[in-house]
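Just below is one structure, and these are the notes that go with it.
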Amino acid sequence: MFYGVDLTSRLMLGTAQYPSPAVLLEAIEASGAEIITVSLRREGAAGAAFRNILSESRCRLLPNTAGCHTAREAVTTARMAREVFGTSWIKLEVIGHADTLQPDPFALVEAARVLCAEGFEVFPYTTEDLIVGEKLLEAGCKVLMPWGAPIGSGQGLRNPEGLRTMRAHFAGIPLVVDAGIGAPSQAAQAMEMGLDAILLNTAVAKAVDPAAMARAFGRAIQAGREAFEAGLMPRRDMACASTPVFGLAELA
Ligand SMILES: CC(=O)[C@@H](O)[C@H](O)COP(=O)(O)O
């Protein structure tokens, strides 16, 4: 549940870099996603065809501040996005480092404070840092979106232990792994750890067959969640025979 909205799918899909608007629509439908994220810049650049896709998909829109590097820029972009898309939801990205596209935690918290005070429902793209997470919640965010790996890298979960710690620390807060997921198995891994949802874009948009990949991600995310709910066996350092040893034939 995000800001009081109940959803069936735990996959959120990005809408950039697809070969065509038609392929994007096919991918959205195949994924089962109910939330798609869209950047104000892309909406402006792509015009009518893209707008049609947004309305045809019947997904809930999560506008984002992709490409913003300062709190001021992100706040202005969010305000414009609210006007253009008619929603108070905003995926808040404030990029702090050119090579890794790592979020700037200080500017992120600053922008989140301003936007929450203005009634936005903020989905902050952050790192696994617990203190930054605390500050974002204090600012009024009700969701956290830790990165899996740098955007567009497809590296999967670079710091699974950090995400595990975050899950334990922020029990009850929806956690969405955002960025860096390259394969369905990586998304399933995050879901098995009890994270609530996945936001991804490049792995689907750049697949040879985006719709088929979107479907694979949808299924993997569902399987990962089912495994988490079923309760995974504890991991062991040593072997533990799965076949009972009593009743073995004794050979003289
Ligand atoms: C579309 C969007 O919001 C991206 O900034 C997001 O973080 C996805 O990252 P990947 O492209 O690595 O999946």
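Any Cβ shown, glycine's included, is placed from N, Cα and C.
The average pLDDT computed for the domain 'Thiazole synthase ThiG' (3-244) is 95. Summarising the annotation, TrEMBL assigns domain 'Thiazole synthase ThiG' to 3-244.
According to TrEMBL, the active site, schiff-base intermediate with DXP annotation covers LYS91. Following the DSSP three-state reduction, the secondary structure of LYS91 (active site, schiff-base intermediate with DXP) is strand. Around LYS91 (active site, schiff-base intermediate with DXP), the C-beta neighbours below 8 angstroms that are at least 6 residues distant in the chain are THR37, LEU62, PRO63, ASN64, THR65, PHE123, PRO124, TYR125, MET145, ASP178, LEU199.
Among the features that TrEMBL reports, 1-deoxy-D-xylulose 5-phosphate binding site is placed at GLY152, ALA179, GLY180, ASN201, THR202. Same-chain residues at least 6 positions away in sequence with a Cβ under 8 Å from that of GLY152 (1-deoxy-D-xylulose 5-phosphate binding site) are, in sequence order, LEU101, ALA179, GLY180, THR202.
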Query raised in the report: For the binding-site residues ASN201, THR202, which one has the sparsest Cβ surroundings, going by other Cβ atoms within 10 Å?
Result: THR202
Requested in this report: Specify all same-chain residues, apart from the site residues GLY152, ALA179, GLY180, ASN201, THR202, whose Cβ lies within 8 angstroms of the center of the Cβ atoms of the 1-deoxy-D-xylulose 5-phosphate site, ordered by sequence.
Outcome: GLY14, ALA149, PRO150, ILE151, SER153, GLY154, ILE181, LEU200, ALA203
Requested in this report: Count the other Cβ atoms sitting within 10 Å of the Cβ of ALA179 (1-deoxy-D-xylulose 5-phosphate binding site), across every protein chain shown.
Outcome: 24
